[in-house]
Amino acid sequence: MSSLFVKGVILKSGDHEVCSYKRLKQRRKDDICRLPYMKWSGRGNLSVPRRELRLGGGSVKAVLNPVSPPPAATTTKKRVFTFGKGKSEGNKGMKSLLGGKGANLAEMASIGLSVPPGLTISTEACNEYVQGGKKLPSGLWDEILEGLQYVQTEIGASLGDPTKPLLLSVRSGAAISMPGMMDTVLNLGLNDEVVAGLAGKSGARFAYDSYRRFLDMFGNVVMDIPHALFEERLGQLKAERGVHLDTDLTAADLKDLVEQYKKVYVEYKGEKFPTDPKKQLELAVNAVFDSWDSPRANKYRSINQITGLKGTAVNIQCMVFGNMGDTSGTGVLFTRNPSTGENKLYGEFLINAQGEDVVAGIRTPQDIVTMKNCMPEAYKELVENCEILERHYKDMMDIEFTVQENRLWMLQCRSGKRTGKGAVRIAVDMVNEKLIDTRTAIMRVEPQHLDQLLHPQFEDASAYKNQVVATGLPASPGAAVGQVVFSAEDAETWHAQGKSAILVRTETSPEDVGGMHAAAGILTARGGMTSHAAVVARGWGKCCVSGCADIRVNDDMKVLLIGDLVIREGEWISLNGSTGEVILGKQPLAPPAMSSDLATFMAWADQVRRLKVMANADTPNDALTARNNGAQGIGLCRTEHMFFASDERIKAVRKMIMAVTIEQRKAALDLLLPYQRSDFEGIFRAMDDTKVKDILKKIFGLIFNFRSMRPLSVHATIFCHVITASFCNLQCTFHHEATFGI
């Protein structure tokens, strides 16, 4: 046909067909270039274009069948992404497709870091797997094998080759971290022939230890064999050999254990362990995909309200080992100190160890700087990599690495968790270093970070990690150190003697308020984040750990029981109200202070904020503290909290409540009047020069309406008393001319 005879093009689309005007133009560009077009499903009536080209009294139109897509169009979408040092098919912006782990591995590889080569199967492939009845989508296995070939070429080893054995890790990795919810298989690729080759290359004990670990993990994750069955065989072997630790078993012992593990497969599954490494890989990929839809993963997503994810990615990576002698090791570090924010590497390192050994407590790790002496070249590269990652991500990074025979491998990186002090210093330093701007710095510091800085903190939280004996709910932030007492009366007595006390109770009640106020910190066995102890402690800014189910309190014997540990009255403990930790002994504290970094940070926040900051202040000290910390005024003053300052005030309140006649009630209130006048004077002095204009028009919310009106509607004399105490001071003390309408 010729463009002279065609006025418009109509694309007819059918089910699962692609109508593409672009592809049509590519095929018939000489015929339909620049012509208008429309789409039609092929069903129903077709509206004829109003404007038609007429030739010889007739009209000519063209209805074209759909342009067919190429065969197997659904397989053209990329589903396997490879990565290795200096090259990667993914990047950090592809978390939804590659998962968090896969995206960061790809990013590290692309910027030239030494990442063990591997491949990531996309989350979309997982979705296809689930939608397709839990079968690998058509063509995916070929794509995986193609990616595997890339890994083998990069590392110079082959899966299943005894002379140059390649072992793989197969890990999950969703876009949002779900720790422990999905499955991992390590040391994949071992069989009897490969383990013999590995033993000749790396030592028999290492090889057979890796083999028995793989049989255990593969059996549990892939074959659904209970882990306890393997543990039972391991326990029997250790008993027979008269040893207590796995590390005490010899290479011959581990070789025998491998044979015992193989029997578990036959006894429980009725089939032998699959020895074909590629079949192992296929089964492991299926198992990781299956773990996405496991009950525990579904429950975790439901609890944490994680929705909209396509599935999990699968990261297949060549194994690297830190336990191959004194030229190998493994470690974890932060590019800056997460506790203080100091721009200095902070981490731990173990020679001849696997990654889990650093955190398992089996051996005591060394400071990261010790690596400089035993592995200088690897350490130098590690320092350079840390600098590269910070500049690239513009953040403090948490890094895992392994050194295998003096060669450094970067295993993972992510934004590092940090304390409030560390967060503020890191944010300010990075602005000064021109890495980020002030708005980014503000967003890097979380509200709870600032809350931490308003309370005492431990000087070095990492120093006491071996002294933590129990953990409860972090009910009120800060840190407290004191001697254990078991009653409110004792807390007040010890406080009067100048001692620091920690009040330990099964649960608190309003009768304990005096002791709670006197104590340096509060620890309860029962109660949640909204319990009496938690609410009162937070109101006072006092450290509190509540709902600590690990402890038992015996008030009669005055002892605190934590398992077999007995803590008696007068013994020192420390509380971390920001983490819920209960710590043995007297840990050094750092008082809250407005550091220069915090002052700088808050000045930046003031430049961009639109909200006014008002304080909850019930006493002169509260008001002065709020003013010193930048409050623009007082939003809420709960006068009943003034009564907690002394026993005399509380007794006067009780007299007022128990009064039978108006005269008795007035006499009790007259006792309170001097106290409250003095308190209001202190509050007004602290807040002098702040604006109070039109405040009466703005403060009538729920807390000022019905909650306040309940007692005042019953006893109007209380209302008169409070007004007298406050307004007299406001006018008389400052000699301002003020008119108040009530």
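Here, residue 1 is simply the first one shown, and the rest follow in order.
Just so it is clear, glycine is given a Cβ too, placed from its N, Cα and C backbone atoms.
Pulled from TrEMBL, these are the features on record:
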DOMAIN    96-131  domain 'Pyruvate phosphate dikinase AMP/ATP-binding'
DOMAIN    135-373  domain 'Pyruvate phosphate dikinase AMP/ATP-binding'
DOMAIN    379-433  domain 'Pyruvate phosphate dikinase AMP/ATP-binding'
DOMAIN    500-580  domain 'PEP-utilising enzyme mobile'
DOMAIN    595-692  domain 'PEP-utilising enzyme C-terminal'
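The stretch from 96-131, 135-373, 500-580, 595-692 that makes the most Cβ contacts under 8 Å with the domain 'Pyruvate phosphate dikinase AMP/ATP-binding' (379-433) is 135-373. Beyond its flanks by at least six residues, the domain 'Pyruvate phosphate dikinase AMP/ATP-binding' (96-131) meets 77-90, 137, 140, 144, 147-148, 150-151, 154-155, 171-177, 285-286, 289, 292-293, 309-320, 381, 385, 388-389, 392, 407-414 of its own chain at Cβ-Cβ distances under 8 Å.
If you take every residue in the domain 'Pyruvate phosphate dikinase AMP/ATP-binding' (96-131) and average the pLDDT, you get 94. Note: the domain 'Pyruvate phosphate dikinase AMP/ATP-binding' (96-131) comprises 24 helix, 4 strand, 8 coil (DSSP; helix = H, G, I, strand = E, B).
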